[in-house]
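K.L.:
Please read through the structure below; I'll follow up with questions.
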């Protein structure tokens, strides 16, 4: 559901010569036909829509209320390299939400924007737009601003600042040595439930809405054990949830098995993503591998685990 023609970005001025617009918190909301893009803390989530969904059906029991279109993709983007990624002592003197991107991080963000555009244009559609959800963290806003250089105004249906998708809170001004100890304790206690002093646990983030990995955990109903096996993405990288043949979103529509295993998906999770590719909205996976493996006595019935 997306696309236009150029997959190769035109030549452009170096970052230091460009005048970028200042951020205005005013929300620019699109119409019901213009889908979504989502960010998370150091993450931006972006959704792209085009409109093979134009033949929108109506809700059951109604004659006129159209069913809202679903974006073809939900793209989760990690922020570009920040000053905190380069120098951890920054967290001891600068509030986490106010940490800037480095020049490298700005370049990573822009390059990510062109990768997203190229992905969209390969679909061959002409009526696509993107919608962005972004957290209020400075490094995330800067990432979106530079990522957005790949799109003309006519291609952006809107954006919204959403505080609930901010990064996990690790505490206020962070003591470097204490943070190292806390992270070591988290590994012993469990990455999902360990709550940082004056901060949050991943479980707290789950309750409020989610950063990148927790967003996927909630969407695909992954277990705590599966979450704890996931790996963080590199700065400026993205993971794509793309609509499958039955209307559900699957990571396997865009990513290959090697990429998903590198991210931390297990055999069970990969099998489920393959099912998501063809399943229809509202269907249940009656051959769910997690159910088969959870109950040992199913092995006697010849169930695949």
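Placement of Cβ uses the backbone N, Cα and C atoms for every residue, glycine included.
Feature list, courtesy of TrEMBL:
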- 79: active site, tele-phosphohistidine intermediate (ACT_SITE)
- 167: active site, proton donor/acceptor (ACT_SITE)
- 78, 79, 80, 81, 82, 83, 84, 85, 139, 178: substrate binding site (BINDING)
- 55-65: compositional bias 'Low complexity' (COMPBIAS)
- 49-71: region 'Disordered' (REGION)
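Please go over these features one by one and say how buried each is and what sits next to it.
P.N.:
There are 21 other CB atoms within 10 A of the CB of residue 167 (active site, proton donor/acceptor), with all protein chains counted.
The Cβ of residue 78 (substrate binding site) has 27 neighbouring Cβ atoms from other residues within 10 Å, across all protein chains displayed.
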K.L.:
Most Cβ neighbours within 10 Å: which of the recorded positions 79, 139 is it?
P.N.:
79
K.L.:
The record names 78, 79, 80, 81, 82, 83, 84, 85, 139, 178 as the residues that bind substrate; what is their largest Cα to Cα distance in Å?
P.N.:
26
K.L.:
Between the Cα atoms of residue 80 (substrate binding site) and residue 167 (active site, proton donor/acceptor), find the distance and write it as a whole number of Å.
P.N.:
14
K.L.:
Which of the listed binding-site residues (80, 84) has the least company, meaning the fewest other Cβ atoms within 10 Å of its Cβ?
P.N.:
84
K.L.:
Rounded to the nearest angstrom, how far is the Cα of residue 84 (substrate binding site) from the Cα of residue 167 (active site, proton donor/acceptor)?
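P.N.:
The Cα atom of residue 167 (active site, proton donor/acceptor) is 13 Å away from the Cα atom of residue 84 (substrate binding site).
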